[in-house]
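See structure below.
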Amino acid sequence: MARGRIRARLRRSHLYTFSCLRPSAAEEGPHSIEGPGYSRIVHCNQPLMHNKKPFKYRSNYISTTKYNFVTFLPKALYEQFHRVANLYFLGTAIISVTPLSPFSAVSMIAPLAFVVGLSMAKEALEDWRRFMQDMKVNTRKVKVHKEDGIFGNKTWQKVQVGDVVKVEKDQFFPADLLLLSSSYEDGICYVETMNLDGETNLKVKRALEVTLSLDEDEAFKNFTGTITCEDPNPSLYTFVGNFEYDRQVYALDPSQILLRDSKLRNTTFVYGIAIFAGHDSKVMQNATKSPSKRSRIERKMDYIIYVLFSLLLMISLISSIGFAVKTKFYMPDWWYLQPQHTDDYYNPEKPVLSGVSHLVTALVLYGYLIPISLYVSIEVVKVLQASFINQDIQMYDEETGNPAQARTSNLNEELGQVDTILSDKTGTLTCNQMDFLKCSIAGTAYGVCSSEVELAAAQQMAIDLEDQDAERSTGSRQKGKQQEIELETVVTSRDEKDHKSPIKGFSFEDSRIMKGNWLREPNADVIMLFFRILAICHTAIPELNEETGSYTYEAESPDEGAFLVAAREFGFEFFKRTQSGVFVRERYSVAGQPIDREFKILNMLEFTSKRKRMTVIVRDEDGQILLLCKGADSIIFDRLSKNGRLYEEDTNKHLNEYGEAGLRTLALAYRKLEESEYSAWNNEFQKAKTSIGADRETLLENVAEMMERDLILIGATAVEDKLQKGVPQCIDKLAQAGLKIWVLTGDKMETAINIGYACSLLRQGMKQICITANSSDAKETLSLFVTVQVVKENILMQITNASQMIKLENDPHAAFALIIDGKTLAYALEDDMKQQFLGLAVDCASVICCRVSPKQKALVTRLVKEGTGKTTLAIGDGANDVGMIQEADIGVGISGVEGMQAVMASDFSVAQFRFLERLLVVHGHWCYKRIAQMVCYFFYKNIAFGLTLFYFEAFTGFSGQSVYDDWYMLLFNVVLTSLPVISLGVFEQDVSSEVCLQFPALYQQGPRNLFFDWYRILGWMGNGLYSSLIIFFLNIIIFYDQAFRSGGQTADMAALGTTMFTCIIWALNCQIALTMSHFTWIQHLFIWGSIGTWYLFLFVYGMLSPTISGNAYQILVEALAPAPIYWSATLLVTVACNLPYMAHICFQRCFHPMDHHIIQEIKYYKKDVEDQRMWSRERSKARQKTKIGFTARVDAKIRQLRGKLQRKHTSLEMHSPVTPS
């Protein structure tokens, strides 16, 4: 509380020139709010007014589920009967209640009800999980005014429009609120909008002056007011409204609005009025309904069902025509059928009617061609696959305790077919932590620690040179080269490895300026000024950590926090801020004693994305006025005086090196001011600040420009943007797997570009294509004269020129990066331009879209998905990513960070971005191949089985007689062939998870759809056709005229049918055994156990009474087992069925092996252990050629260093004397 009172005395608005300075509402006047779109009226602190219409608005309850209790049954049934096969079986179930059905109604309806019921139960379970996560948000607590100035806790879902809400530090806002007051005297508060727009910088919000007195609970005892404003809409950055209070009307703008799911920071508390609640809030307006997603394999299965249905229709037509012909021409001669006493279905006088009725019967009879058990088997397999994903310990995050979670199992195989990843930046790639790593002061580079890029490049070159060492056997010379490279790359010292800095935000090491040693450096006065700029030029607040005794800082950006930590470690500790100054404790001085110095803040020109710099004007203890400035190097260098460029060349060189090392840089400069000069300027500045009109901001910028010139360069900083653990490695592996990665962020362009460098989506030497709607800052001024058409034409010309430049590029190593902002993207996504934009983006190695709204993220995702026709995956962590996650083919949410909206809308969730590598490259690859092989095998086995029924029909006059016992047919899909195919879908591995990660190019088998293209599908269907012909005709040939029993009797229909069915069971199970690459005891149990179960069933079934077993009574014991022809026929048919497949895979592995075939062979012969060099070579070959990622960046660095080394050796050889031999 003490700290809160100290803060309350600060008027923070004094620090800001651009962010929160505006005329008072009274001066500005209320908005003119009339017409449609401005109908909302909010009665503040009068809850009873909003209990009835017309002021009863939506509640604050939110739901992201697909179903509710009312819609579940109709929507889920609609989902299920989207599937063509289910529609077919619904038709057959209806037919089964008519006399035309060859089967009983129960036998047709029960399987359909079981399959649909199981699928609906799975959908219900997954939606229930979404509901429970919604309730976690809905039941969060917040303080709400009850009555008489008393506040009490309420759940979020019970917050109403018009309620007065008190939000405390580090809490999320439960609804869209109008800010009334804060713990600061002038109504300032800091808001983190990372969940909404991806911005890491804190936003400054400011209450109306008229409500500043409402700064304690009791003040709301009699508070009332009325807000008239815009209707709910998705625009995060606009708001128009009026506030009527105390008989006065005040204009409202976005600077007073606190959006739901943004977070209160650096402020003890705020009071606000709920304006938009629940789904009316702007963040929820940006959300879209949970879509129903189906995988590509499942959608393609529908087409295969069409093919099989066409086959079914064809053979049913043949059967019905054959039956009609037989009925008309042959039935009258068959005296034993008594045609004169038949009904219409078998009337020789009505053959057409008989044929049509038989067509219906045939459509049901040959239904085994359409596998009803396919869907339920896939559902079972996908649920088990999802459980493996959930339980993968390699994707468990120990810090948060969150495992990976497959929130829906419908899309498992889609994970293996991803072509493009669209990623959010903040909280997804980054963890919002900067590390101060290097600096350049007075032309001297300091900092011996290497960035991740430098370390990786040096390590890779060392490995390459070791390989050359071994191949050429010229040890000493190569060793010398290696040492030179290590010196060239400034590899980190051993001290860094032995004494890794534990200080958060500070990884700097250099004994020359640490621990006061900077006092002995040649330019000690410049170094001191450098450190003072770090300690003074900011807007942060210090907080004393009572446990450690040191200060921590609440800064608006991670960069600012890192600079303050660095200043503290260098001995310049910022420890206090007052209304008019900052206090710095300088631990190292010439006198040798710590000194507390006060610097009076005269003016502060804060950082904005337009200005790209921050300036503070201070008066030191000697009375000297100093202008201290930090900003982008291009901005600072343009503003240097002639005598301020002493260190420009050296600093510029260091900045380039820092950029190549993937570091974020800022330049630091200063200027001494005369009293008279400052006074004259300050008068102009105050006039601009107090001016009223549309050009006030322009006036302020012009006055600031007058002072921010003639600067003297001091040096530059280099901070490493701390990405989430494993992000560069993950992006590198995904790039090697052939995936394209787009970054869509709400952050400003500079930050997005820096992150691109940090995670190696961008690198030094990559050609950046920046598409912008305005080439100058004067666009706003000219906007009255520039039509939209002119702007569109300009953007289209930029896109066309960039596409042309890429086509004309001859350098094979050239890489292009496309960077576009939200304003430009709005034009680029219009119908007449989006295809050209997409064409350019696809040609670029990486794409970064910045300052994009949540809606634009979803639109870009839709463009990529529909424009390329390939699988897209969107990953994000905040509410601003929900639209993108739902629009993509696969949505992945990051769990364990701020907010749960992204997770609730996602199909899969992981705790950190790095787990995406294993989710796709391992589980995605496995699931795709498992499902693809499983579906192909299903169609194969049903064709092989179903067509034998048709052949027998042709042999029996299309009579509708089945060659198999009814129990055989019921058990075929349910017991005898179901478990092996499920084990294929759950346990199959072409290679192990370690090999998947070592050979990322294997992943491309999915996007290229090698295992589920029409060639492979038709191949399996052809295999099924071949097997059906072999099984039927080989058995007919063998048993037709042959003695079956010892007494010389031939086989009857029961013996033939049972033998054929035995051959089917053996052939199909042996086929699946040949298909599998990975066996466990479970596969062996299911495959050979299924065959054993058939014989066991046949034995038990035959032992039952003839009234139950019918013609199968004692068939195994008395008829089949004693007959050698039964066993020899089974062996012969099984071998004949599988021989072509064996020949095919032998030929393929010998002459056209696939990638996994080669790896399997290497592993089988243990060459990966015996010949490590060959294994490493194969690994290096097994990655897609890519121009992004850590490896591509290291390769570029190696090319650069080799070029330097080559030039150095050439120079040495030219100057060295020739020694006589």
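Numbering starts at 1 and runs along the chain as it is shown here.
Each Cβ is built from the backbone N, Cα and C atoms, and glycine gets one as well.
TrEMBL labels come from automatic prediction, so no person has curated them.
Owing to the predicted nature of the structure, the values given are computational and were not obtained by experimental measurement.
Between the stretches 103-125, 356-378, TrEMBL puts its transmembrane segment entry on 356-378.
Among the residue ranges 920-937, 938-955, the one that TrEMBL annotates as transmembrane segment is 938-955. Of the candidate binding-site residues, Phe607, Arg664, Arg851, the one lying closest to Asp424 (active site, 4-aspartylphosphate intermediate) when CA atoms are compared is Arg851. In this chain, the transmembrane segment (1017-1040) lies close to the transmembrane segment (1052-1073): three or more C-beta pairs between them fall below 8 angstroms, excluding pairs fewer than 6 positions apart. In space, Gly746 is the closest of the binding-site residues Arg664, Gly746, Arg851 to Asp877 (Mg(2+) binding site), judged by Cα positions.
A straight line from the CA of Arg664 (ATP binding site) to the CA of Asp881 (Mg(2+) binding site) spans 26 Å. Counting Cβ pairs closer than 8 Å and at least 6 residues apart in sequence, the transmembrane segment (303-325) and the transmembrane segment (938-955) reach three or more and so form a contact.
According to DSSP, the domain 'P-type ATPase N-terminal' (42-109) comprises 30 helix, 3 strand, 35 coil. The average pLDDT computed for the domain 'P-type ATPase C-terminal' (903-1153) is 88. Asp881 (Mg(2+) binding site) has Gly746 as its nearest neighbour among the binding-site residues Phe607, Gly746, Arg851, going by CA to CA distance. Fewest Cβ neighbours within 10 Å among the recorded positions Asp424, Asp877, Asp881: this applies to Asp424. Its Cβ taken as reference, Phe607 (ATP binding site) is surrounded by 24 other Cβ atoms within 10 Å in the chains shown.
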